[in-house]
Amino acid sequence: MDGAHSAGLQLQPFPTTSSSVSLSSSEGSFSYKENLIGALLAIFGHLVVSIALNLQKYCHIRLAGSKDPRAYFKTKTWWLGLLLLLLGELGVFASYAFAPLSLIVPLSAVSVIASAIIGIIFIKEKWKPKDFVRRYVLSFVGCGLAIVGTYLLVTFAPNSHEKMTGENIARHLVSWPFLLYMLVAIVLFCLLLYFYKEKNANSIVVILLLVALLGSMTVVTVKAVSGMLVLSIQGNLQLDYPIFYVMFVCMVATAVYQATFLSQASQIYDSSLIASVGYILSTTAAITAGAIFYLDFLGEEALHVCMFALGCLIAFLGVFLITRNRKKAIPFEPYISMDAMPDEGAG
C-alpha cells in the first residue's frame, strides 16, 4: 500500500509539468501570432501609403504646367491616392495594438523601399541599361540591405505583450524610468528649440531631433490609444478611463507639431536627406521611448536584443543608401495644400 502510494506521488508531477509546458507554449505561439499580425498590418499600411503618395506625386508632375493650381483636385487619381493614404495610415495605426512598439516603428523602412522601387519603375524618365545600373546600383544595394534588416527586425523583435488597459497605461505613465526619460526629453527639447529659434541653428540634425523627440511621444500615445480602442471593440470597454483622452490629446498635439517642424525642414533641405536622417533619429528615439514606457525588452535574451539592434543598423544603412542616390526632386505643391482647397465662398 505504501509503495503504491509513493508511486502515485511520484507520478503526480508529470501531468502538471506537461500542462504548464503546454500552456507556456500556447501563450508563446499566441504572442508570436500577434507579432505577425502587427508586422503584416504595418507592412501593408506602409506599402499602401507609399503607393498613395506616389499616385499623388504623379498627378502633381502631370499637372505641373497647368494654370489652375487646383487642377489635381479634379482628378480621380489624386482622390484615389488620398483614399489609399487614409487606408494605409489606418493599417499602421491598428498594427500598434497587436505588436510591440519596437517592432512596428522600424518597419517604416518598407515605405522607403517601396517608394524607391515605384519611383524607378513608374515615375523616373526612360533609361538605358548601362545608365540604369550606374545610377541605381546604390538604390538596389540599399533595398537589399533594408529588406535584410527588416527580416531581422521581425525575426528577433521583442515578444512582450500587455493588455492596453487604462490601469496599465496609467501605471506606466507614472513609473520612475519613464518620468526620468520625460525629464531628459523635455530638457533636451527645450535646449534644441532655444538654439533653433534664438540662435538660428537650422542644422538638419537639430530640426529632426525636435521631430524625433515629439515622434517618440506620438508613437507611445498611438499604441495606447490603438490598444485601448481594440480592447473596447472586443468588449472590454476602455473609453471611460480619463487616461484614454489624455493620450489622445497628446497624440494629436505631438503629431501636429511634428508636421510643423517637418514642413520647416522641407523648405531648407532636400526630401531625401530628411527621409534618411529622420528615419534614423525618429526610429532610435521611438524604440528608446517604447523600451522605457512599455518595457519591450524586459526579459529578452541578450542575443535577441543584439540581433534586433543589428537589424536596425542594417535597415538604417539601407535607407541611407536608397535616399542618398535620389536626385533632388522638382518642387511642387504639397500633397494636401490647404491654400489650394476650393473656397466655398468664392463665386
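Heads up, the Cβ atoms here are built off N, Cα and C, so glycines get one too.
Annotated features in TrEMBL:
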TRANSMEM  36-56  transmembrane segment
TRANSMEM  77-98  transmembrane segment
TRANSMEM  104-123  transmembrane segment
TRANSMEM  135-154  transmembrane segment
TRANSMEM  174-196  transmembrane segment
TRANSMEM  203-222  transmembrane segment
TRANSMEM  242-261  transmembrane segment
TRANSMEM  273-295  transmembrane segment
TRANSMEM  301-322  transmembrane segment
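A contact between the transmembrane segment (273-295) and the transmembrane segment (104-123) is present, since 3 or more of their C-beta pairs, 6 or more residues apart, lie under 8 Å. When Cβ-Cβ distances below 8 Å are used as the criterion, the transmembrane segment (301-322) is approached by residues 102, 106, 109, 112-113, 116, 138-139, 141-153, 155-158, 275-276, 279-280, 283-284, 287 of the same chain, each at least six residues removed from its ends. Across the candidate stretches 77-98, 104-123, 174-196, 242-261, the maximum count of CB pairs under 8 A to the transmembrane segment (203-222) is reached by 242-261.
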